[in-house]
């Protein structure tokens, strides 16, 4: 069945073919490949007909067809095609020549054919490149290595003089560190190579002093050397690092030196420690530990062992790498003997087994494709050769086309293509299957003849780095034109929802703002060039949702109406370009947060981290900012902010700090961080405040990791792990200050979501929402029932947080809330999220860098894209989630119980002695187990009575009405016509006046008072037997009551 479904899904976009043999107009998905074969022209409807032909009325019975039966039935059932064509299809399916085929064989062949066509299509796609760009580097010497850190989405470059540069995800230079000490500079030592040890958050740097230093990225200091490996016999000039993704403790660091020696350190407990610390070592964790190479060779360190060989015999090792699929170390030199050496170790032997490739004139570099099992070599003889690792005699393919020696090669793994770069600055892209050059790029590279080139292709982001001495060039791939619908021409940056107009507002990097109808997806209007050519980074709506505020990278915020008229321009950057991250509109001010602008000319930081605009200044078009009284309390760029009425403001930054502010006084009073906490002293405070931790260098929590609580955490770690990208208050959770529980949610670095209690300054919960994708963003609905998170790969996850972290606890919760839905509506980074409820239906709106805006529901709803040809109708396609129906039922039950309580509380007009008597009698029927709760019940009853004794007539009517609200009152029936009675038609006949007659006098009765002789009493009125029986009954009742009282005592 899986094969059947797969075939139908793969060809879902095809059209039904005509029912005539002349099939001339049927356009299917397969015709895009330019093939006219029968199997490529069958549509979904044709496959459904063929499937029914193979179905048996008896369950679990497989129908097989011979060649004659198949050709005869197919021409009749499908309705087009010749018997010869179906016979050829039968022969292709019947590879084993059994003489018959069934449905499973047919679908397996079709799936394999589709897969091969898809692979061929990918291989022939030629990437389109943007213009060549040179990055503004600060390196003064040759760039030795470019690496990408997946954990933090940062690039690192290092140059020969030892300057390490840190680049952001968007290739903005953030910081530089001199990695060499003063003593090293005096010796004129150079950096030769750099590798990233991602599983342990370290980097290794090789020096010409025959040393390899290991630097901890999580160090409290700016850049601390943790291990120093010295005593090597030769200078290492190339390195490579590999770790097992299934067991991160297993890793291998390999390096080659100028003596032709290839060495490798195999770590067995990398997550615990790379090397064993001797007992005599200093207890200070930040002190550098020195390891001698001789110690490793002797086996003193049990957590690692050494592998090495000398087959290159004195030639410089230009490149070395360990490949897990081959389980071998591959190295290369520029010599024509032993140009490429593969070394591996068998389990029963200690020495390495080796095999070598002899390539004429040697090679400069190589690369290995594990799926194709090919080694590509960059030959000095202008040729690119493809080698089978197990065939050393000759290459399996030779790529001709370069007119100069090839200095770099690298596979485009996903497309099965190969890059090659030659000495004459010509870049070629090869189709491996056909061994043809499909693209030649000769950009305006630097014209210097003598240069050292570094080649690095980041396939995940489509970026190609080529260095020329100390210059770094970038070639970025253009996003390929796909069949996916685009909402904007450029990447979408922000999305908002206007609940009054029921419209979605979106912005992009091209300074365009678009308006969409949420009900149908139709575009209403569009504003272009809102900030010239500058990117719109964020937007906001005012409280009345009648004004739109747009923030741009040009350092301004503009206030618009919905007719496209700009009323004010807020000069945030003070005539300078700054990155605005968020606009927060409060009651009496507008806050703008963002990144500080660094002026490289003056080497100073310009601008404020928080900018405030007050309404009294809004009488002009250009409005200048005022001073934020709290000053700059963050140590890093502010990325987000949130406000909780009446006066709580929070801001989050790159280093993971969340600062709590008093919005009225504009003073900061506390700092939250996952690893430590500290208090900030306000300007208006006269008494010094006690710090929760003695500076930022000491953790406040006793269980805090010592490696993550530094004075100034290394920026890569803080941005990758704790960066706060979004903040959100859970405003629907009332009285959290009394009941406890989380009322603030933050998310960001490394895919973590954290729940905070700002009143107790406590981190209550932390869970990993998205793993291995870097930073994430989030949004929640107004009732705080659902939390939506989005990552850099376009994935969305919807979580149920209605019952999550409602109470405070001593231990931090690490269990994630219930995951309702996980899907991928976008192909690129999700830039903005918004949750709305038009018409009571909860919707999630997401925008992405793939130029699209999507809208969907909570539970398995379809995904619509704004801009698609077919409009939708939300009310006909979405339903409330099941969780909501349960909530409605529970609310109904709650209402019923409340109504019953209200009915038990009588109205003040209905109180009487009888009611008092009933209440007094009810106290004798109390169960023994409920005697303890009498006081509580009395208070509840009195409270209920107080509530009912409100002197409002409306309240009485409301409660009396609630008594009959369960009755089904229908429309009254129409009365039939009634004939008027005779006395109405002729009243004089029946009501005429009679003549008055004289009334007879009534005689008065004689008075009893005069004739009464004696007074009656009970003794004379009732018989004696009845009175005697009554006296005995009273005595018996009194005796019983006395006995009850004695028993109680």
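Cβ from N, Cα, C; glycine included.
Feature annotation (Swiss-Prot): of 625-646, 647-668, 669-690, 691-712, the stretch labelled region 'Disordered' is 691-712. Residues 119-120, 122-127, 364-369, 371-372, 374, 376-384, 386, 453, 455-457, 459, 464, 466, 475 of the same chain sit 6 or more residues outside the repeat 'WD 3' (401-440) yet have a Cβ under 8 Å from a Cβ within it. In terms of DSSP helix, strand and coil, the repeat 'WD 3' (401-440) has 0 helix, 23 strand, 17 coil. DSSP places the residues of the repeat 'WD 4' (487-528) in helix, strand and coil in these numbers: 0 helix, 23 strand, 19 coil.
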